[in-house]
Each structure stands twice: as C-alpha cells, then as structure tokens.
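As written in TrEMBL, here are the features:
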DISULFID  Cys34-Cys93  disulfide bond
DOMAIN    3-202  domain 'Pentraxin (PTX)'
Amino acid sequence: DLYRKVFVFRKDPSDAYVVLRAKLEQPLQNFTVCLRSYTDLTRPHSLFSYATKTQDNEILLFKPKPGEYRFYVGGKFVTFRVPEGRGDWEHVCASWESATGIAEFWLNGKPWPRKGLQRGYTVGATAAVLLGQEQDSFGGGFDLYNSFSGELADVYLWDTGLSPDKMRAAYLSLRLPPALLAWKSLSYEVKGDVVVKPRLRE
C-alpha cells in the first residue's frame, strides 16, 4: 500500500525504473491511466510506458517539454499543449476508447479538448509496464535522456474510460473504482536507484 508515499527517482539522467504488474486478462478496447508527477526536468521524459512485443509505445504518457504532453496509443500520438508548470505536482489522466477513437486528457482535474486517435485499435494484453523509462523494445531499449527524474505517485490503470466525476475524484485522491493497477495495492519491483518515501506535502 503506497498511500501517501512516492517513488523518488534520484538521478538525472537515470537508468532506474519501476516495473508494474497488472492483471490483464484480455486486450483493452478502453482504458484510463492516471498519475501524479513532481519534477523540475525541462528535457523530454517518460511518465508511463506500456509496451507489447509488437508495439513498444502501446500506451505511453510522455512529456517532450514543459508545455506539452504526448499521449500514445498503438505507436501513434496526440499532443496536448498545457501551461508550463509552476514547480508543483501535476496530476494527469488520459483515457481512450476504441469505438470512437476519442482520446481524453485531464490535467489537475480539468479536461482538455478531446482528440481523435487510433479508432478501432485494440491494445495488447501481454505487456511490460514501466515507470521512469520509455521502452524502445519489450521491457528495455532505454534512452537515458528520456528518463524520469523526480517524484511519481498515485499511478492507476483502468480497463474503462472514467466518467468526468471519477476523473475529478482521481485528481482529489477520493474513492476510485477497482483498477488493473492501483496505487493502494500496487504490485511493483524497483530496478536501480528509486526510493519509496513519504509524500512531503499533500
């Protein structure tokens, strides 16, 4: 249970990462991924990387620069331009549904204009899910200059698109529906220089 705790990625650049184990029974037609990050990086960095054997960017949340997030599904991406952070925690949720190809992006509890991405696609179930690195091959192929340095918390993955109420609940750390990956019952393995510490402030 990582409630009120964070992963601290201490080095920059770093070869460290955290492997997450999700219980995926079948491929995903819909999903939502949420997490909270705290960093002063201005270079590109990966936040959440979900790779299958056939597609290294099956799901990827990537921040190429301070005013931009990229959300990948099946190797294609849409860009969400955001205000540059004011040196505080940033909470992001990204959801996608195959039937419409609609990608939603929420930053700090607010929705951005929806975009179209990979209509009719299916996300593979046999996946390597990592925090802190961007996979260029299944479970590996890292570029140190895409690594994350800073603090990560409140990581979730659902096999549904969350409603607006639940998106806001995720931002406010309220009660959430059962998830494939849940911060309060996370199965994970630290690889390299990552430390679990209490959160410094709410």
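Backbone N, Cα and C atoms are what each Cβ position is placed from, and that goes for glycine too.
Because TrEMBL annotations are produced automatically, they should be read as predictions rather than curated entries.
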Give the number of CB atoms, excluding that of Cys93 (disulfide bond) itself, located within 10 Å of its CB.
24
Summarise the model's confidence over the domain 'Pentraxin (PTX)' (3-202) as a mean pLDDT value.
96
Only counting partners 6 or more residues apart, tell me which same-chain residues put their Cβ under 8 Å from the Cβ of Cys34 (disulfide bond).
His91, Val92, Cys93, Ala94, Asp154, Val155, Tyr156, Leu162, Met167, Ala170
